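Annotated features in TrEMBL:
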type	residues	note
TRANSMEM	44-63	transmembrane segment
TRANSMEM	158-175	transmembrane segment
TRANSMEM	233-253	transmembrane segment
TRANSMEM	265-290	transmembrane segment
TRANSMEM	302-327	transmembrane segment
TRANSMEM	339-357	transmembrane segment
TRANSMEM	364-386	transmembrane segment
TRANSMEM	398-417	transmembrane segment
Amino acid sequence: MIRRVAAAGCLAATAALLLLPGRWYLLAWLPFLAGAWQVLRLDRRAAFALIVAGGVLLPLVAARQPPTSSDDMYRYVWDGRVQLAGVDPYRHPPSALELGPLRDDFLWPDTANWCVPTGCTRINRPGVPTIYPPVAEAAFAAVVALSPAGARERPMQLAMAAVAAGVALLLWYILGNLGHNPRRAVLWAWCPLVALEAGNNAHVDVVAAALAAAALWQLAAHPGTRRAVAGGVLFGLAVATKLTPALLGPALLRRRPVAVAGSAAAAIAVVYLPHVLAAGPAVLGYLPGYLHEEGYADGARFALLGAVLPPPLATPAAALTLAALALLSWHTADPDQPWTAAATMAGGALLVTTPSYPWYAMLLVVLVAYGAPAEWLTVAAGGYLAQFAPELGLTVHTGQLLGYTTGLAAVLAGLAVRRRAREPAGAAPLSP
């Protein structure tokens, strides 16, 4: 009984901290971790009730206010609106004159952070085409189509919050189905990153995470060809939602690689084909420009590597490190439990690229819930020190270094502890 009350108190504290502004959000990780530790030790019925409560409550609490740390959601709404008007979202940037009739006071107010000759807007980078892949675009169109007239942020926030809650339930079922501890679903359901990025900022990464979770289930559940094809299709759809699930590839290709890769490629081709026919090479969207803008081309963005290497060497070093991580992930992957090796790739990629966009780590949270080492959560949290660095009196670069160095140290410490635990006890000394 005491443990149940303690866990419920931690859930309430996590929810309360999600209501606080900016840097105070970082404190929500403390009751989350304490509460998750309690839930992992509860009986199944109590654990399930608390996981469902947190999986529903926390994203809804975060959705009580407009997006606080990202404006990506406004592009989602715009892209959905463009598609419902019968225009391919890759053909024109939001600032295009051809899209003038679609503008309203919500997305195009008199004053906003982004201004172009055609007006000011809440949509980031209004002068460039969309960057989001086709499955994400389909999700945007579906939410906008189901939204009531005059709706603003709330439908997209509630839709992504619902997906986050659905993933919590899915993980509970999958883990039990695979013979693992279903209580680990709490590591997703209560995670502040999931609540903030799905419920408040409404990032489509949660849809990619849902598809990736389903793909992992299919590929780990049974070695048959049918499961491999189903898992490959889900994996391909996840990549066609957000590119980050591609990091799962090396671990997922350990078993039946031809079936998995072939079905994934087919799924990607099918969802891209209508847009290729409508927009041609423009389906690449703003991705090349984004990578250049973020400093990945000249090496300026790799904070940890840049701390020991000059920028011109950071980019090739990053490429070599990612290649080595991919090989390690493939070599060490257990086809029945691919999430541990997948976390090496996904978490290692975050440490290499050190993004200040924490929602990129949503996939890593799924892997931890499946059974990857819990210390990877420190890497998932690392991006927030970069994002909230100005509020903490730090530069973004310093925030990146602090956040991801802490994550790297935690991962290495966990690895050392587990390796030491696996070592056989020393032989007894010989008698004289």
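Heads up, the Cβ atoms here are built off N, Cα and C, so glycines get one too.
A TrEMBL annotation is a machine prediction, not a hand-curated record.
Contact counts against the transmembrane segment (302-327), taken as Cβ pairs under 8 Å, peak for 339-357 among the stretches 158-175, 233-253, 339-357. Beyond the transmembrane segment (44-63), the same-chain residues lying 6 or more positions past its ends with a Cβ under 8 Å from any Cβ of the stretch are 4, 7-8, 11, 14-15, 18-19, 35, 154, 157-158, 160-161, 164-165, 167-169, 172, 182-183, 185-186, 188-190, 192, 194-196, 198-200, 202. Residues 25-26, 29, 33, 167, 171, 174-175, 180, 184-188, 191, 193-194, 209, 212-213, 216, 337, 339-340, 342-343, 346-347, 350-351, 354-358, 392, 394, 396, 399-400, 402-404, 406-408, 410-411, 413-415, 418 of the same chain sit 6 or more residues outside the transmembrane segment (364-386) yet have a Cβ under 8 Å from a Cβ within it. Count of Cβ pairs under 8 Å against the transmembrane segment (339-357): among 158-175, 233-253, 265-290, 398-417, the largest is for 233-253. Residues 303-304, 307, 347, 350-351, 354, 356, 373-376, 378-389, 392 of the same chain lie 6 or more positions beyond the ends of the transmembrane segment (398-417) yet place their CB under 8 Å from a CB of it.
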